[in-house]
Amino acid sequence: MSRVTLTQFLIEQQRNENHIPADLRLLIEVVARAVKTISVHVGKGAVAGVLGSAETENVQGEVQKKLDVIANELLLHANEWGGHLAAMASEELEGPSLIPNRYPKGEYLLVFDPLDGSSNIDVNISVGTIFSVLRCPEGVVDPTAEAFLQPGRTQVAAGYAVYGPSTMLVLTVGTGTHGFTLDREFGAWVLTQPDMQIPPDTREFSINASRARLWEAPVARYISELQAGTEGPRGQDFNMRWVASMVADVHRIMTRGGIFLYPLDERNRKNGGHLRLLYEANPMSFLVEQAGGVASTGRERVLDLQPTGLHQRVPVILGSRNEVERVVAYHREAL
Ligand code: FDP
């Protein structure tokens, strides 16, 4: 059986399609290698003693899990010596991590959430890694946070890994969204879902419904219409799924459609939302748009937001085109 590996896919993107330069290809390969190592640690779980709290707090005041720390270190170390990066930023670090002077520097910035969905680690449910690649602004040598504050539409690559029953890497370099599955025996990423397409219609929604009392009117209206099922204005039943691991919830949508909402609500309004723009909302929105879906805050396209901080939070509504557009229309009518 002839199998297309990630390496082959990226070389073809570079050689035949001329979509990506060689240094971006190599950078993605390094990220993919680090992700493979994270997958091994996640997979060992309690056997390797990697579950539980690290008893430290990250910049957002969240208690770090051991695997948060391990995944962060793995990504930093794997990427710092490659020569393709000017700096990195992570959910787990307050400011940018510069490339040590002993290594060559490149023209890209890498931003990541090393282990997304951390509340699931200890209960053996899927978690993931999310990353985004930006170009370092011209003339910037030692990038500060400001260099990273670019709208999501300028991303040159984005992806996520989901550590589930199998480990998958879902990637875009702006030429569609493509899914690779890790063949653990060979240690290779195999292209298993080329050109993923999110169907425009869906009967599945994903939201933390325990926050219903806090929602704004347009979201409350939309969800209550879905919950009303065949007897309601939509005239059909909808199903609900919430893993509480964005990577897993988005991966389901990427695979079979759906709508994912982490909207603005009364409690998270003071922070601007719940999910982080640079390393959650932007990369996921790029991937979703490249798969034919839509990603909005309810008020505007996520990829058009001008970031104001490295750890800025935003509302996120993404997935099947017709459903996301309906929620956006409800916002327009109400606000
Ligand atoms: P987590 O904090 O566990 O890393 O990144 C934020 C995130 O998880 C998303 O992965 C997930 O979709 C969401 O938060 C879960 O939020 P709730 O705790 O409200 O369910």
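The backbone N, Cα and C atoms fix where each Cβ goes, and this holds for glycine too.
Features as listed in TrEMBL:
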- Glu91, Asp113, Leu115: Mg(2+) 1 binding site (BINDING)
- Asp113, Asp116, Glu280: Mg(2+) 2 binding site (BINDING)
- Asp116, Gly117, Ser118, Ser119, Asn208: substrate binding site (BINDING)
- 5-194: domain 'Fructose-1-6-bisphosphatase class I N-terminal' (DOMAIN)
- 198-331: domain 'Fructose-1-6-bisphosphatase class 1 C-terminal' (DOMAIN)
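Where TrEMBL records a feature, it is marked here on the structure.
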residue	record	contacts (Cβ under 8 Å, 6+ apart)
Glu91	Mg(2+) 1 binding site	Asn58, Val59, Gln60, Asn72, Phe112, Asp113, Pro114, Arg276, Tyr279, His311
Leu115	Mg(2+) 1 binding site	Ile38, Val42, Lys65, Leu67, Asp68, Ala71, Asn72, Ile121, Val127, Gly128, Thr129
Asp116	Mg(2+) 2 binding site	Val127, Gly128, Thr129, Ile130, Tyr160, Ser245, Met246, Val247, Glu280
Gly117	substrate binding site	Ile125, Ser126, Val127, Gly128, Val243, Ala244, Ser245, Met246, Val247, Ala248
Ser118	substrate binding site	Glu62, Gln64, Lys65, Leu67, Asp68, Val127
Ser119	substrate binding site	Ala244, Ser245
Asn208	substrate binding site	Trp242, Ala244, Tyr262
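In three-state terms derived from DSSP, Asp116 (Mg(2+) 2 binding site) belongs to an extended strand segment.
According to its DSSP assignment, Asn208 (substrate binding site) is coil. In this structure, of the binding-site residues Asp113, Glu280, the smallest number of CB atoms within 10 A of the CB marks Glu280. A Cβ within 8 Å of the Cβ centre of Glu91, Asp113, Leu115, the residues given for Mg(2+) 1, is found for these other residues of the same chain: Asp68, Ala71, Asn72, Ser90, Glu92, Phe112, Pro114, Asp116, Ser118, Thr129, Ile130, Tyr279. The residues near the Mg(2+) 2 site, meaning same-chain residues not in Asp113, Asp116, Glu280 whose C-beta sits within 8 angstroms of the mean position of the site's C-beta atoms, are Glu91, Phe112, Gly117, Gly128, Thr129, Ile130, Tyr160, Met246, Val247, Leu275, Arg276, Tyr279, in sequence order. Asp116, Ser118, Ser119, Asn208 are the binding-site residues among Glu91, Asp116, Ser118, Ser119, Asn208 whose C-beta comes within less than 6 Å of an atom of ligand 1, given in sequence order. Excluding Asp116, Gly117, Ser118, Ser119, Asn208 themselves, the residues of that chain whose CB lies within 8 A of the CB mean position for the substrate site are, in sequence, Asn120, Val127, Ala244, Ser245, Met246. Secondary structure at Glu91 (Mg(2+) 1 binding site), taken from DSSP and collapsed to helix, strand or coil, is coil. Summed and averaged per residue, pLDDT over the domain 'Fructose-1-6-bisphosphatase class I N-terminal' (5-194) gives 93.
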